[in-house]
Amino acid sequence: MAKVWQFSEAEELFHLPFLDLLYSAQHVHRENFPHNEVQLAMLLSVKTGGCPENCSYCPQSAHYDTGLRKEPVMHVEKVLEAAKRAVELGATRFCIGAAWRGPRGKDLDIVCEMISRIKKLGLETCASLGLLSYEQAVSLKAAGLDFYNHNIDTSQEYYSKIITTRRFSDRIETLENVAKAGLKICSGGILGMGESNEDRIKMLVELSHLSFPPESIPINKLIPIPGTPLAEKNAVDPLDFVRIIALARIMFPKSYVRLSAGRESMSDELQTLCFIAGANSIFYGEKLLTSANSDPESDEKLLLKLGLLREKSKTAVDCSINLGS
């Protein structure tokens, strides 16, 4: 059973001497995962822009003028083409995101078709669609969804400073609905929004208090987007970022810890420290929803230099096969 952490013990770990913290995190990582493997996940926006939420970091919010063009839901065949490309590139997980407060009516039916078709490729499936009821989560599970992503973003105390169109408790309720439906949870946060290290630690503690803690934890570095309220925020301290990666690894020993948004601005050295600290998953590909991602060729070179191997798919399928609908 996963440990329920208290703030004081998590804070004590965070403030360990840096090398001691990384040593502990790497030890935990090696006890629970193949220590030279990295999971490659790919992310596709299947409905872009026009979101009614006012998340201060997000270029897809209808509240801000970021120059982003609103686009309708993608055709299923286009999504399937992207998923096949993901298999060819060596990804083992394919994530779809939609700029909604939550899916409605036929939108959920379309997403369910996407998921069932992607699943036939042998990929793990993940979706990020906003707030979700238990009944909607059950439908996604029946379609073959493995993971549901719903980041809590930051601590409960800091949450209202970055989002006011929904409550922190709404996020938790969706995560509980997802878990109750039998889906695995993917949930993490964003660093660099003006929050303190205390907020970052509390975010991880909150995740440990869920009925079913996340099996996948994305840690994002803020990408300041012109036109959003956080456009001028200062970058997070790199060593503090590594400390949070290490803390996530120790607190959630059996969960994937993913380097997510913001990796395109990280040096090879910073990413290497994150891998030492226990990160074992990255978003791969040129784009993350609407933002630039690290260049795939640069990723290949870094993984080769570090001797890191791609995690192998357990259920890979020949993409030349006609998978039907």
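The backbone N, Cα and C atoms fix where each Cβ goes, glycine too.
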- One of Cys51, Cys186 listed by Swiss-Prot as binding [2Fe-2S] cluster at the site of Cys95, Cys126, Arg258: Cys186
- Task: Rounded to the nearest Å, what's the C-alpha distance separating Cys58 ([4Fe-4S] cluster binding site) and Cys126 ([2Fe-2S] cluster binding site)? Just drop the number here, would you?
- Result: 20
- Cys55 ([4Fe-4S] cluster binding site) sits from Arg258 ([2Fe-2S] cluster binding site) (Cα to Cα, rounded, in Å) at a distance of 21
- Proximal but sequence-remote residues of the same chain as Cys51 ([4Fe-4S] cluster binding site) (Cβ under 8 Å, at least 6 apart): Cys58, Gln60, Ser61, Ala62, Ala99, Trp100, Arg101, Gly130
- Reduce the DSSP letter at Cys55 ([4Fe-4S] cluster binding site) to three states and note it down. coil
- Query: Quick one: Cα separation, Cys55 ([4Fe-4S] cluster binding site) versus Cys186 ([2Fe-2S] cluster binding site), in Å?
  - Reply: 19
- Among all chains shown, work out which of the binding-site residues Cys55, Cys95 has the most CB atoms within 10 A of its CB. Cys95
- List the residues of the same chain that sit at least 6 positions away from Cys186 ([2Fe-2S] cluster binding site) in sequence and have their Cβ under 8 Å from its Cβ, in sequence order, or write 'none'. Cys126, Ser128, Phe147, Tyr148, Asn149, His150, Pro214, Glu215, Ser216, Ile217, Pro218
